[in-house]
Amino acid sequence: MCNKVFSEVQSLRRHLLTHTKEKPYACKMCIKTFYQHGDLKRHYLTHTKEKPYVCETCSKIFSLRGDLKRHLLTHTKEKPYICEMCCKAFSQQRSLRKHLLTHTKEKPYTCEMCSKAFSRLGSLRRHLLTHTNEKPHACEMCSKAFYQNGDLKKHLLTHTKEKPYICEICNKAFSQQPSLIRHLLTHTKERPYACEMCCKAFSQQESLKRHLLTHTKEKPYACEMCKKAFTEQGHLRKHLLTHTKEKPYGCEMCGKSFSALGDFKRHLLTHTKEKPYSCELCNRAFVQQVNLRNHLLTHSKEKPHACEICCKTFSMQGSLRRHLLTHTKQKPYACNMCSKTFTSQWDLRRHLRSHTKEKPYACDTCYKAFSRRGNLKQHLLTHTNEKPYVCEMCSKAFSQKGDLRIHLLTHTKEKPHECEICSEAFSTRRNLKRHTLKHTEEKPYACQMCSEAFSLERKLNRHLLKHTKKKPYACEICCKAFSSRVYLNRHILTHTKQKPHVCQVCSKAFSLQRNLMRHFLTHTEEKPYVCEICSKAFSQLQILKIHLVTHTKEKPFACKMCCKAFSQRGGLKRHLLTHTKEKPYACDMCSKAFSQMGDLKIHLRSHTNEKPYVCEICSKAFSMQKILKDHLMTHTKEKPYACEMCSQAFSRKGSLKRHLLTHTKEKPYICEMCCKAFSQQGALKKHLMTHTEKPYVFEIYSDI
């Protein structure tokens, strides 16, 4: 019949029954028939529930000796069956047989109804049940039925809550072995399922199958009414209900009706608050299975939905759909009140609340109301101080998912949001929106007190505090008050001395993240901000802005006391301290006070003898960067500061300023006691000694 050869007559006889389809051994309890007597014996144990074979290591019991033998291999870790093609080892012979089919690609078992081919007989049998819709394996607890016995076993664990599969690396327990296998991949980072078309790899075979449909564009499930095709059978079922308009599932609690049983069950959970779908990786629970699937992608980092225009990938199909609208610029949802258009219906609904002033989401703790559910969720975290979103790279925790996403970009350096006018890229959409206002010069937020307009709402809010003089954020340690929470947070770090932001290159720590970012550029020597006038490059945008003033000679910040003008606000602030004589920064070691924090930092080095700035030519160290710069001139002999009147050149800017006074005969430093004037501050200091004491005493010692 098939020319297959056997070593034993008994094996041939058993094989012949597969051709004749004869099953001579029938079960007296359920009329099920079998090819072999041994199969019938094993089947009887399913009725008697007898499990005579006990594992001596873990006391687990089995109905069949073969099952016990296979189980024992899990303790010994023995894998005696080796593939001759790729040397992969297996604990069971049948596992090796299954594996060999991956090399041969052979599919000898064909379905007579739809011609679909399978590599294993068991797979064909399971497939046949999809045609007959027969579900022979029923749960005795809830009457739910399944095609396969394995599925029933998995389902029973939802009743017993048993988790027999334990990860040896982190001791996490799972109810199913495939879940444990998937979990192990999070430790090994292994992705064994690779796409042959684009080489993209996946941790799960099911994910690979879904991904392959993006290449083949195959949609095997077609609607007979409108010929619309779908990639998954479940999607087709949902679609069919759009034709019938039937809603057979009604809620007894609120009277709402649904067309699909799944939607009805999900709705019931809103009344019971039950979340039956739990993530086995982080124990987070969800109302819907689809939400759990989407959540699992955050662990696997898998993004199976790709944009055909720009190749950007997404973890959810809905996200891909929304992204496609950015290419088409289509905004099909229009507001009836102001004609503003939106890409999604959800965005339109949110926008309508800005007209109706509706705030349906209220906090149960303080009764504050919000127009969006997301805003309420964020607000609730202010009561609990919970930070559920943790960065896997640096363990930093965040209260909002959006903040975590923005933070992750600091690791990847990715800037996906690009300005269409000047091509400048940004890490967040919010930063891009702020940037575009520079091009449009639009300032939609106007102050009602002084008519000053602002491009951002938060800038207007900060400005309003100038009128009210309100400082609602007070420090609990020293009672100092601030106009914004950001300023308060910065101030608190001065008390705690906490520096949570550490440089990975030199381990230097900073209290603020922006200071760390600025510092990091000293290692990379990256200068992304270039002056368009003289092509000079800078590491920080703020330094570029300061530099631009040197070209315009503009000094917009004027002192109200003496009319002196400055190009920078910081310069004005420092100058004002010369009038108030205020020195808020005091040294803890010698009580000496300074008007600027920078001066205090430099002074502290006189106590610590710290000299962080080292000359690369002669290894001499300095406490200040500007002293190092001056020192470098002694090596290069460079004198970049030239006098325009006599062409004399100087290595330092200060030296040039002093020299210019010899031409102008200007003497800006005046003695308050005798009105004598000097061209240099040092000369004035020396002169003041003539009025006061004479600290240098010359003593003559003579022998008496």
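Including glycine, each Cβ sits where the backbone N, Cα and C put it.
All annotation found in TrEMBL is predicted automatically rather than curated by experts.
Residues or ranges marked as domain 'C2H2-type' in TrEMBL: 1-24 (among others). Taken as a whole, the domain 'C2H2-type' (1-24) shows an average pLDDT of 76 in this prediction.
Under the heading domain 'C2H2-type', TrEMBL lists 53-80 (among others).
In the domain 'C2H2-type' (137-164), helix, strand and coil residues by DSSP number 12 helix, 4 strand, 12 coil. Annotation comment: TrEMBL describes 137-164 (among others) as domain 'C2H2-type'.
Under the heading domain 'C2H2-type', TrEMBL lists 221-248 (among others).
The domain 'C2H2-type' annotation in TrEMBL covers 249-276 (among others).
Residues of the same chain lying 6 or more positions beyond the ends of the domain 'C2H2-type' (277-304) and with a Cβ under 8 Å from any Cβ of it are 172, 174-175, 179, 183, 186, 202-204, 207, 210-211, 214, 266, 269-270, 313-316. According to TrEMBL, the feature domain 'C2H2-type' maps to 277-304 (among others).
According to TrEMBL, the domain 'C2H2-type' annotation covers 361-388 (among others).
Among the features that TrEMBL reports, domain 'C2H2-type' is placed at 417-444 (among others). With a threshold of 8 Å between CB atoms, the same-chain residues lying at least 6 positions outside the domain 'C2H2-type' (417-444) that come near it are 406, 409-410, 453-456.
The feature domain 'C2H2-type' is assigned by TrEMBL to 473-500 (among others).
Through the fold, the domain 'C2H2-type' (585-612) approaches residues 574, 577-578, 621-624 of its own chain, all at least 6 residues removed from its boundaries and within a Cβ separation under 8 Å. Positions annotated as domain 'C2H2-type' by TrEMBL: 585-612 (among others).
With a cut-off of 8 Å between Cβ atoms, the residues of this chain six or more beyond the domain 'C2H2-type' (613-640) that come close are 602, 605-606, 649-652. Positions annotated as domain 'C2H2-type' by TrEMBL: 613-640 (among others).
Taken from TrEMBL, the feature domain 'C2H2-type' applies to 669-696 (among others).
Outside the domain 'C2H2-type' (1-24) by six or more residues, the chain places 33-36 with a CB less than 8 A from a CB of the stretch. Secondary structure by DSSP for the domain 'C2H2-type' (585-612): 12 helix, 4 strand, 12 coil.
Assigned with DSSP, the residues of the domain 'C2H2-type' (473-500) fall into helix, strand and coil as follows: 12 helix, 4 strand, 12 coil.
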